[in-house]
Amino acid sequence: MAPVPGSYDYDLIVIGGGSAGLACAKEAVLNGARVACLDYVKPTPTLGTKWGVGGTCVNVGCIPKKLMHQASLLGEAVHEAASYGWNVDDKIKPDWGKLVQSVQNHIKSVNWVTRVDLRDKKVEYINGLGSFVDSHTLLAKLKSGERTITAQTFVIAVGGRPRYPDIPGAVEYGITSDDIFSLDHEPGKTLVVGAGYIGLECAGFLKGLGYEPTVMVRSIVLRGFDQQMAELVASSMEERGIPFLRKTVPLSVEKQEDGKLLVKFKNVETGEEAEDTFDTVLWAIGRKGLVDDLNLPNAGVNTQKDKIPVDSQEATNVANIYAVGDIIYGKPELTPVAILAGRLLARRLYGGATQRMDYADVATTVFTPLEYACVGLSEEDAVKQYGADEVEVFHGYYKPTEFFIPQKSVRYCYLKAVAERHGDQRVYGLHYIGPVAGEVIQGFAAALKSGLTINTLINTVGIHPTTAEEFTRLNITKRSGLDPTPATCCS
């Protein structure tokens, strides 16, 4: 029997110590609630990798990914420095072990700061795996045993983990993004299976660090993103020497006597089978919501596939149970989205606020060697929503100034604005491939959410010489058929 109102151990129990859960828990305490936060990480099946509080972003996601990406870019910069007059030793090379240690040291410092922050804010941190007994009661499995706790309200923020394919040897010999950032040996020749943003980012920094990645693509690159931009990203990676196995799926992974991994695979169009050996196989085929351990039927919470459907206030079908972050169905799986949604939910629950999370027009960046950032609608989605005759696409290639002296390829430096064809020509989406893409798009994201028009964009004076100013120089439409390649940078 559930406890009677007023006799609960906590006002709120948050299940999950990642970005969404931590943001919600801390905000709830600031608004007067008694809060506990449960967090538990199951070791990875292949290497037994586990980590501290903070969730995917801090430990095995955004932060270590960006640090590895930066290490890769620095390697490029060192070699380009010679063109700028620096005397650079040709023997410069990365040290994988030192890089991993530096990354892990930073992560552990963030774990520590997070624990201290929870303590200072009076959030009770429970390192345990939670499962529902009923809609107000949770069973927490701890190292020391089991503990039953109750709350008036629950927020589920357990996020997800990488999927493994259902083929022989996948779990025994393959790794995922959960393992790569703490790998205790050089990855060497690596097969990256999957061409979403995680797969492409991993392949990109591995190539930049001097390894040999190959990307295996089942269907399309960067599903859910603008497909013209996605193909430009893939082409830019191929230009850097990263091969793509298109329309291909893995069949099995076998460990050889020399420790290398024999991967058998098949082209899904021709049926042709082939095989190759690799030092590392990295699965990047999507993520699975962690609903299985929660015993949600005990609480009556509905699921959709491996996610939890919620309404516009992040409420599930059970009155006192909410969900935020990557575990909710059909919303962007991004850290800043999770943080803001968690905070807003806590303010509505305990602070008397009414503001709801706006999941539209969320900017994001793919940290490939040549980065891709976007905000708003893709060209395909704009056409689907408004019709081809009502959509105008302004586009252009450009030449970053910093690419001139080292003579870096500018072939795939490209941007476009997807806009309304008539009237004020409101901008539906902005897309950019080039250096520091996230820094470029972040400011434009605020403009787009504020009703940016093409007229405003082209009458904004750019900062020269920057790549961001190229958006203010857009004047050629796809419909015109004119060449979008610039003749000069200063006129």
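Every residue gets a Cβ built from N, Cα and C, even glycine.
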Cys62: disulphide-bonded cysteine as recorded in TrEMBL, out of Cys37, Cys57: Cys57
By Cα-Cα distance, the member of binding-site residues Lys66, Gly130, Asp326 nearest His464 (active site, proton acceptor): Lys66
Recorded FAD binding residues, Lys66, Gly130, Asp326 - maximal Cα separation rounded to whole Å: 31
Other CB atoms, at most 10 A from the CB of Gly130 (FAD binding site): 25
Residue distribution over DSSP helix, strand and coil in the domain 'Pyridine nucleotide-disulphide oxidoreductase dimerisation' (362-473): 38 helix, 33 strand, 41 coil
Overall pLDDT for the domain 'Pyridine nucleotide-disulphide oxidoreductase dimerisation' (362-473), taken as the rounded mean: 97
Most crowded position, judged by CB atoms within 10 A, among Lys66, His464 as recorded positions: Lys66
Cβ neighbours of Asp326 (FAD binding site) where a neighbour is any other Cβ within 10 Å: 29
